[in-house]
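Working notes for the structure below.
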Amino acid sequence: MEASTFVLFGATGDLAKRKIYPALFNLFLDGKLPQAFSLIGLGRREWSDDTFRANIEQSLRSFSRREADDSGALNRFLSAFRYQVLDVGRKEDYQTLLRLIEQREQALGAAPNRLFYLSVAPELFETICTNIQESGLGSAKGWKRLIIEKPFGRDLESARQFNAQLSKAFTEEEIFRIDHYLGKPMVQKLEVLQQTNPVLQAAWNNRYIANVQITASETVGVEERAGYYDKSGAVRDMFQNHMLQLLMMLASHLPSSNSLEQVRQNKKLVMESLEPLPVENVGVNVVRGQYTNGVIQGKPVVGYTSEPGIAPGSANETFIAAKLQIDDVFWRGIPFYIRTGKRMKEKSTRIVIEFKEPIKQSAAKKDGQVPNLLVFEISPNEGIYLQLNSGGVSHKQDLTPVLIGPGQSGNAVPEAYENLIFDALRGDSTYFAHWDEVELSWKWVQPILDAFAAGRVPLHDYPAGSFGPEAANELLAKDGYRWWFDEETDAGAAEPSTANGVREALSVK
Ligand SMILES: NC(=O)C1=CN([C@@H]2O[C@H](COP(=O)(O)OP(=O)(O)OC[C@H]3O[C@@H](n4cnc5c(N)ncnc54)[C@H](OP(=O)(O)O)[C@@H]3O)[C@@H](O)[C@H]2O)C=CC1
Ligand SMILES: O=C1O[C@H](COP(=O)(O)O)[C@@H](O)[C@H](O)[C@H]1O
């Protein structure tokens, strides 16, 4: 891999500590960092190099999925790190930074390839980009790249303005917009699975599929991010980006290759084929919720409006469920149900594809028969499961659902940030959000934001520790479906649909 300097704005912040340093460390352990690699951390705090490295070491202890296998490895890793005090608005700090980068490049005999990672509040992006351009930091002979974090705007208009500002200093090819869901290994496998499995290819259409369910449920509340979250809510925080990216990755149809252009083109086609949701229909197709007091994993937790930092009486949504339709030859008529929320019963990101029941109408339907389900467990555990009907052991006529599929969890699975940082270092932006996708996503959700702002959609309560408001169950029930793997909705359903989801169900087999 080409030599490069990683210039990290926001090096003293939460994201750097929890995600970026652990990801870099695991890449280092896997030999996936360039030989000549240097990281310069930036922030206003008056840290020395030693304080910086001590903080990184602490972050690795708390958040890295793996430990160093020998004592020298950690020191070798940390020797690449330098710290500089920089206030983003102070022009002279960029000159000091330029000198430090050049010094490091010379010391390592490295080409002037520079990756700028903006792990700071979006309000600072424009100032930083302007100063990178004006200071000459971005004019060296090597390549320059920009990684930016979400949120990318807060509505369609602000996203467009924001993109126009970034484009003054960086080309689209140089901009790497992080959506960490695209870095999750199982999400990256979705296209390969389709490409390489004729069984899936044959069934991947409205002849066989009844509906698709995409869930990202979290047990955490707003934690320390109340200031940000109370102005964002579930639509901006999760739905416009992560959830729609999952939809694009799943519904992209049979790319002929995994090339950057092909993947992007297919994702764009999905968004362009999504049936628009006029503002007057939002109330019918979208459920909006907010958690109240409840119990999560045996511990009582307060409702959203009692969380520290949340405005009293806030009507911000912490849950959204929506029904979407893709109007193309493969997916026409298949409802896609998407939901995400905080303080729900379990932490799980999962896609369930429910197949039609061909013998439903016939007399041949057996007791206990359940629909075939294809389940992609994305996180925190990984796995692909297929629920089939098979003969039971006790009686010839019984049908027993069996789940088949591999599962992985724990330290073996690379973190999303590892995959994404590795890709950015080698210049592959396949799993980053292109501007077209971002713009189309904002366009699709804009009527939802407008309807919420105009108070056209009721805000339903749900107790913390549940699977969301009852209205989200009704969204499916009126089409004759239900959310799979929810305890409440699965009461009385055939095993193995338990609250703990597919993995536990599998482990009892
Ligand atoms: N934390 C998370 O889980 C997630 C965060 N993000 C995004 O990542 C970005 C960073 O978030 P997070 O780490 O949580 O934020 P923090 O508030 O924890 O950190 C902000 C960082 O910005 C630096 N900073 C602030 N003002 C200035 C300034 N004027 N000049 C130079 N540096 C400055 C701070 O350094 P100092 O105080 O030393 O000046 C600090 O390092 C945001 O865009 C956020 O939306 C996205 C997804 C998840
Ligand atoms: O981007 C975000 O994602 C996290 C959830 O990510 P996951 O990988 O743990 O599923 C969410 O908690 C946060 O609010 C949001 O900003």
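Backbone N, Cα and C define each Cβ position, glycine as well.
Binding site for substrate per TrEMBL: H180, K184, E218, K342, K347, plus D237 from the candidate set D230, D237, D327, D328. For T12 (NADP(+) binding site), the nearest neighbour among the listed recorded positions (K184, D237, H242, K342, K347), judged by C-alpha distance, is D237. Across the structure, D14 (NADP(+) binding site) and K184 (substrate binding site) place their CA atoms 20 angstrom apart. Under 8 Å, Cβ to Cβ, and six or more positions away along its own chain, D237 (substrate binding site) finds P151, Y229. Only D14, in sequence order, out of the binding-site residues D14, K184, D237, K342 have a CB under 6 Å from ligand 1. There are 18 other Cβ atoms within 10 Å of the Cβ belonging to E218 (substrate binding site). Binding residues for substrate (H180, K184, E218, D237, K342, K347) extend across at most 20 Å, taking the greatest CA-CA distance.
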